[in-house]
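Lifted from TrEMBL, the feature list:
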- C:7-27: transmembrane segment (TRANSMEM)
- C:43-61: transmembrane segment (TRANSMEM)
- C:73-100: transmembrane segment (TRANSMEM)
- C:106-125: transmembrane segment (TRANSMEM)
- C:146-165: transmembrane segment (TRANSMEM)
- C:177-197: transmembrane segment (TRANSMEM)
- C:226-249: transmembrane segment (TRANSMEM)
- C:261-281: transmembrane segment (TRANSMEM)
- C:293-316: transmembrane segment (TRANSMEM)
Amino acid sequence: MEVLFCISSLVAILSTVMVITRLNPVHALLYLVVSFMSVAMIFLSLGAPFMAVLEVIVYAGAIIVLFIFVTMMLNLGKETAEQERNWLKPRVWVGPSLLAAVLLAEMIILLTKGQPGSMQVTVVDPKKVALSLYGEYIIALELVGFLMIAGIVGAAHIGKHRKKTFHRFLEDEAETEQQLKADYHDVHTG
Amino acid sequence: MLSNLRTMWLVFVHLFKKKATVQYPEEKNTLRPRWRGRIVLTKDPDGGERCVGCYLCAAACPVDCIALQATEDKDGRRYPEFFRINFSRCIFCGYCEEACPTYAIQLIPDFEMAEYNRQNLVFEKEDLLIDSQGKYPGYNFYKVAGMDAGVKKKGEGENEEPPVDIYSLLP
Amino acid sequence: MTVMQHIWIVLGVLFVLLNIAAGLIWVERRLLALWQDRLGPNRAGPLGIFIVLADTLKLFFKEDWIPPFADKWVFITAPAIVAGSVLLSFVIIPFAPGIVVADLNVGLLFFLAMSSLGVYSIVLGGWASNNKYALLGAMRGASQMIAYEVFMGLSLMGVVMITGSFNMGDIVDAQKNVWFCFTQPLGFIIFFIAGVAETHRLPFDIPEAESELIAGFHAEYSGMKFGMFFIGEYLGITLISAMTVTLFFGGWHGPAFLPPLAWFALKTILFLGLFILLRASLPRPRYDQLIEYGWKVLLPVVLANLMITGAIALWLKST
């Protein structure tokens, strides 16, 4: 399990770096999918199969598809790649990555200092997840539910459009018909 | 939903219906006598060629697939020197048959004329001539024509009066 | 189970599946023909079964062309994803007692995860082709499959509630006495509809829609890359049939005069026939009708089914 964990962590890190450095947004998103799947693998190796599968279903299977869906429609061409290249100058990324490297070094020191015993893997089955969600964390869950309802209502409101009773081809026809009716009325009363 | 299920059932029942397919090489469709298929040149009851080389079929042909050259034998009987139909162009419209004054050119119920080589679709006179009278048995053009071409003397045909003596003054 | 046995099971399942995917070419063409009062391919070999060989050879020897305007690597990856994800889904299906590749604890969720990854093949294939029709097909495919995945997952939760497990073996065992298609009829119907939409088979073949989008997301594909989409589609309908049988029709259970594997195969073949019958009989709905039907009809129904199932399960537990 430990070897699997190390390999999938390595894949996760590499693919995340690739996400940042890709110039084409769709390629970057593809690496993001790989990154999510390796995170799922990490969960699995840590003994949380339910979490792992949910990671794939929700993140890799639904959210990133929507991301790609949107990027696909934006028709990003060579200009965006050029823009990305301009933005990815060393002056932009050297500072943050140096600081992150310091943190990484600290973490490695801390990890090596601790006892090098094997990983403690306890399998968390779906029942345990459910019990903790609806027991310990019930308030957090309810709050998330509120947030999501707000999101859904907002989306429904934005997406709503008034339903027309006739087809758009018949729009002009209906108008002229009404006009004719009005004229007829005028002639016979006026 | 129910109508969809009904549709599915009705389509499923078609599994047991009679199939419309004709398994061609083993099982053949019946071709009617007036089917317009391969073009042939027929002969009259005496075995002579019916074609008189009038070019009407070549003129009527909308795709210009008929080529011929008329000539005469020593009796004055006209016949085609060569008669060539390019079946890779022919559309089997039957106009040549309608145009033919001597019932020589006829379309018969045969369509199986696929070839590997396109040049083989150009039929010459020997390929076209058949030893048959086709759809009009007993018809002999030179028997009813008003001329002598070695078949009968002038004025001896059916419903034919003897030739007028143009040197006589009698009516 | 020894390692050797396991390898044999894996190889056997793979062999049978690939042959089924190829054989379905013939089955579909013959059945469609029979339902349209024709005979279908019956020349090559006994009953025309060698048409499979001819079709496969044709696919192998066609020019494998990558359009110069396409995004090369994504273009190549897309067909691999569809066949891969569908083949991976078969891992969790128990074909007979003991014949299962991986008896996962979260088997059902694994199936859902793999089918959600299958969306990528359509989206990426359509995008990488750099073609308007392909892009339209990809967009339709993405929204259709994401929408119907929701109902698919929710329709299965009733089964999970009754069984109390995501494990496929447990689900089959729970149907020893009564099949879930009787206790979960709504779940079955919605799962099947969502399954047809997931595999984008007719009548829900909206991402391809020959008459509107030429071939949709695989308009630019040729040769064996197109063949992979083809195989993916046939494997997909086999997968949905097999899942329907396992989840709602008792899996390998059946009267004892046939072995369990035969029962499983028989039921799966019946559902494959149903898939082809759907193709033969129903017209394609319009794109917005399909999505509206999903969100406005299926979602409320499936939620109601879930709540009723939960209530009954609780009531049975308390009494």
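Cβ atoms are placed via backbone N, Cα and C, with glycine included.
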- Other parts of the chain folded back onto the transmembrane segment (C:43-61), taken as Cβ under 8 Å at six or more residues beyond its ends: 22-23, 25-26, 29-30, 223-224, 226-227, 230
- Near the transmembrane segment (C:177-197), which same-chain residues lie under 8 Å Cβ to Cβ, leaving out any that are not at least 6 residues past its ends? 144-145, 147-149, 151-152, 154-156, 158-159, 162, 171, 203-204, 240, 243-244, 247-250, 253, 275, 278, 290, 294, 298, 301-302, 305, 309
- Message: Under 8 Å between C-beta atoms and at least six residues away from its ends: which parts of the chain pack against the transmembrane segment (C:7-27)?
- Response: 41, 48-49, 51-52, 55-56, 87, 90, 95, 99-101, 230-231, 234-235, 237-238, 272, 276
- Message: If contact means at least 3 Cβ pairs within less than 8 Å, sequence distance 6 or more, would you call the transmembrane segment (C:106-125) and the transmembrane segment (C:261-281) in contact?
- Response: no
- Message: Need a quick answer: max count of Cβ pairs under 8 Å to the transmembrane segment (C:226-249), which of C:73-100, C:146-165, C:261-281 is it?
- Response: C:73-100
- Item | Contacting positions for the transmembrane segment (C:146-165) when only residues 6+ beyond its ends and CB under 8 Å are counted | 105, 108, 112, 115-116, 119, 171, 174, 180, 183-184, 186-188, 190-191, 193-195, 197-198, 247-248, 291, 294-295, 298-299, 302-303, 305-306, 309-310, 313
